[in-house]
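Asks: Grabbed the feature section from TrEMBL, which reads as follows:
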type	residues	note
TRANSMEM	36-56	transmembrane segment
TRANSMEM	93-109	transmembrane segment
TRANSMEM	121-138	transmembrane segment
TRANSMEM	195-218	transmembrane segment
TRANSMEM	230-246	transmembrane segment
TRANSMEM	283-301	transmembrane segment
TRANSMEM	330-350	transmembrane segment
REGION	417-448	region 'Disordered'
């Protein structure tokens with residue numbers, strides 16, 4: 001009947017009191033037990049709202065690239081679709097078309113880019129949404145103790161600076177990237193691939209996740225059924241870039257996807273201890289690229305792939321493999337793929353910190369070195385933060401950053417192999433392309 005108020009039964013009351021009693025009894029463990037992740041991150045997220053408002057109101061805005069972004073998209077608004085003719089104060093436009101569309105919207109919302117304070121609050125919203133997506137990943141996987149999340153958000157000066165004081169495009173790309181990872185975790189592979197490609201169209205650094213994503217697609221679908229997903233990613237890029245490709249295809253591709261762009265030595269965070277001539281050497285760049293590709297290959301064959309599984313078997317449809325599809329640590333593979341790229345990057349600038357900042361705790365607590373105690377892991381997080389906060393960078397800050405990277409990479413290499421427990425292949429599951437993800441289902445978090 002309408003209007004009838006349902007009262008809680010004695011059993012429901014007893015369950016609520018039991019949970020509250022347990023929470024009170026374990027209050028000293030709330031910061032250490034992953035099952036309390038949701039409670040802790042909810043409080044931290046609310047705290048972050050106040051922190052962002054305080055930063056915007058009290059800390060001076062620093063102009064670096066925002067005006068250049070606005071000049072570049074203003075050229076498009078005025079009818080220039082030749083990428084070689086689009087320029088800002090800091091140089092030519094070097095980001096793909098997705099960047100143009102998103103920052104064109106911001107151009108209009110912020111009164112042609114003049115209303116900086118409004119732009120800061122918009123970027124604060126982007127940052128808070130990113131935190132929600134990141135916290136959802138950590139809550140699903142329950143691998144990291146909750147106290148660590150204080151260092152993931154509230155304690156980082158550099159991340160707040162990048163997000164709300166400098167207005168770089170990097171946080172926008174990472175917002176889309178973490179949205180894509182959440183979709184992949186939920187089994188929405190097509191939507192996840194589409195959003196991933198959109199993230200790439202904002203900034204190319206997202207391509208560092210591509211090797212891990214490709215491995216996951218091959219493991220989940222086999223080679224033949226992976227091709228449509230890759231085609232979708234390419235179609236998104238083609239559709240977004242079509243107006244510019246029709247005007248000057250070579251100019252668009254060369255500017256938006258310039259993998260050989262030279263970085264300035266004065267801005268490097270990771271290679272300050274090298275002489276400048278070596279930093280600029282193409283031979284050094286090729287050496288880093290070779291080390292990057294070799295490390296990815298070794299990790300894919302010896303750590304991501306099950307030992308008894310052959311490469312050819314990985315290319316087959318899961319239903320036709322000798323060994324059924326395995327449970328993958330999806331988040332670990334994606335985060336590790338990106339981290340390997342960061343380790344061998346030709347140069348890391350200060351805003352690039354956001355490329356892997358939110359993934360660091362997961363990587364540290366996924367390592368296989370048992371002696372890497374909680375305190376040492378936190379120390380590594382602190383040293384990395386200190387390295388990125390040292391301006392200008394020094395020989396010691398760069399060396400410390402590489403030392404931390406090496407320890408983390410070694411720890412990831414020593415991590416236990418994938419869980420060999422077989423699971424049903426996609427062929428035997430529903431065909432709506434929205435099956436639950438390999439390893440991220442909440443009921444199976446213990447596999448993490």
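Cβ coordinates come from backbone N, Cα and C, glycine included.
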Asks: Examine the transmembrane segment (195-218) against the transmembrane segment (121-138) and state whether at least 3 Cβ pairs sit under 8 A, considering only residue pairs 6 or more apart.
Replies: no
Asks: Counting Cβ pairs closer than 8 Å, which of 36-56, 121-138, 283-301 has the most of them with the transmembrane segment (330-350)?
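Replies: Against the transmembrane segment (330-350), the leading stretch is 283-301.
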Asks: Looking only at residues six or more beyond either end of the transmembrane segment (36-56), which have a C-beta under 8 A from one in the stretch?
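Replies: Residues 26, 29-30, 117, 120-121, 124, 127-128, 131-132, 135, 138-139, 142, 144, 146-147, 149-150, 153-154, 160, 163-165.
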Asks: Hey, which bits of the same chain come close to the transmembrane segment (283-301), Cβ under 8 Å, at least six residues off its ends?
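Replies: Non-local partners: 211, 215, 311, 336-337, 340-341, 343-346, 409, 412-413.
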